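Accompanying notes for the structure given below.
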Amino acid sequence: MHSSNSWGGSLEITANNGGDSTTEEDNRSRNLDWDRASINHQQQQYNYDRSRNLDETQQSWLLGPPEKKKKKYVDLGCIVCSRKALKYTFYAIVVAFLVIALPTIVAKLWPKHKPRPSPPDNYTLALHKALLFFNAQKSGKLPKSNGIPWRGDSGLQDGSKLTDVKGGLVGGYYDAGDNIKFHFPMSFAMTMLSWSVIEYEHKYRAIGEYDHIKDLIKWGTDYLLRTFNSTATKIDKIYTQVGGALNNSRTPDDHYCWQRPEDMNYERPVQTATSGPDLAGEMAAALAAASIVFRDNTQYSKKLVKGAETLFDFARDFGKRTSYCRGNPYIEPFYNSTNYFDEFMWGSAWLYYATGNKTYISLATNPGLSKNSNALFMIPDLSVLSWDNKLPAAMLLLTRMRIFLNPGYPYEEMLSSYHNITSLTMCSYLQRFQVFNFTKGGLIQLNHGRGQPLQYVANAAFLASLFVDYMNATGVPGWNCGPNFISFNDLRSFATSQINYILGENPLKMSYVVGYGNKFPRHVHHRGASIPTGKTKYSCTGGWRWRDTKSPNPHNITGAMVGGPDKFDKFKDTRANFSYTEPTLAGNAGLVAALVSLTSSGGYGVDKNAIFSAVPPLYPMNPPPPPPWKP
């Protein structure tokens, strides 16, 4: 049966054969208790059969919109997230582990091979050896760690007859190849070593020599403190020398006899001075400089300062201005002092840095002092630093104050003059200005071709290198020598060329530092090194056989810088000629200072502030802020 639909189109109504609607409803009602799975299957079959007889439009009416695919989620307990997000998160973690974490873990666990430190430069190698010379020169009861197997205890009876020195004058250093303890050059050597430590402590630490050089300085200053009454505030004498010899003497003494220090059996007289502005001034400089080195040892540093002040008061006593060596035949022919005003400037500068007492800097910058010392006359010989002449070193030390502290009035005028003379001194070292002659091999002749030139050369190299470091610390690229602008590279080249000459860059290709390089002096004028050790003790004249033999020394006195070549670059490696082959305490101190200034170990530059640790502010301090206002 077909009827018309009110929306248009035909509507076919299909009925079961022979069945009515009531019966159909009853059957459905009964089927509610059937198995739901079978019902669903029948229902699906029914819908399928019907859909076969419907067009697409009708099917869409019947089925409705397609069912959307449900997203899949994962319940993690505290949060719920989609599986897709979880998957990408997992992938990201894996990638991060492979890219970041894994290389980090491998780097941490991989066996570490520390990069090898750069090999030490030649200056460092030579410096290690140059310091050993001082170990070989020690007098007294030696520590087991002294490190020189052919040296032993010696000079244990030195000064034993003195009633005012408990324990006598045991200790200190022998000066050179003889067995004499000259206090004047010994003090200068300790001052130079201390100065080098104050400026270049970081370098000594870098090469592992800081404790060693401090021990060497203390060995010297401990002894110097015994040479006068260091517990008093006022003294009337100082001991100036232990041992000695008279020229052309034929009686047993330290020159006539050729014996190891350990075997000495002759009289060793002690020299005394009741006037000594030069020696006392140098000793004061040594103790004051050392007090800065030992500033971490407060008690010892104060002891050194007290001794330095006592000595300087003795030096400045107007009624005692006769040179310490005047008329003394045991000293004057060997270490004669030609002036004492340079020691006044040198000692007062060091005492100012050690104490901060302005009376010392006032003295150091007093125009009368510079006049009496001829400091401002620019005399070439006075620009040569030595155990006798401290002017160039004193003026450089005071120039340091002007460069880094800039104290102004009332010191500026004299400090500016010292700075100017220091600059001219540096000009005089350069070959182009022809102030000093140079050998064909390039060695400056600061002592005009006389014997033992190297000690003066080493001192000049140190001053030049230190001046460069001072100026570099201020960012200044050079200085003027008259109308000529000179780069500091030129001055540094002078310093390196002179030390390189000493170390073997010379016409003979010989190192003048024993034990450095392959070719060095083997017949050093040195009693201890030239006589074999053993049970045999050679008498005063019995040791002559070792002095006169053509054989090399049985012991190399490692680190000793010998006297050096002549003005023609010639050198005679002979024990009999001391001007060629004898080392000295003062000479080696200058060499050590020059080497540490030039080495690249530990970096370049100086310690600008350590030397000023005791210097108070030069200007009034700012007043404290007012208290907070209260209503």
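Each Cβ is built from the backbone N, Cα and C atoms, and glycine gets one as well.
Annotated region 'Disordered' per TrEMBL: 1-36, in sequence order. The feature compositional bias 'Polar residues' is assigned by TrEMBL to 1-21. TrEMBL lists 25-36 with the feature compositional bias 'Basic and acidic residues'. Among the features that TrEMBL reports, transmembrane segment is placed at 88-110. For 123-595, the entry in TrEMBL reads domain 'Glycoside hydrolase family 9'. If you look up TrEMBL, you'll see H525, D573, E582 marked as active site.
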Inset, instruction - Determine, to the nearest whole angstrom, how far the Cα atom of D573 (active site) is from the Cα atom of E582 (active site). - result: 10
Inset, instruction - Please report the number of other Cβ atoms within 10 Å of the Cβ of D573 (active site). - result: 17
Legend entry - Integer Cα-Cα distance in angstrom, E582 (active site) to H525 (active site): 5
Inset, instruction - Could you tally the C-beta atoms, other than its own, that fall within 10 angstroms of the C-beta of E582 (active site)? - result: 21
Inset, instruction - Would you count the other CB atoms within 10 A of the CB of H525 (active site), including those on all shown protein chains? - result: 25
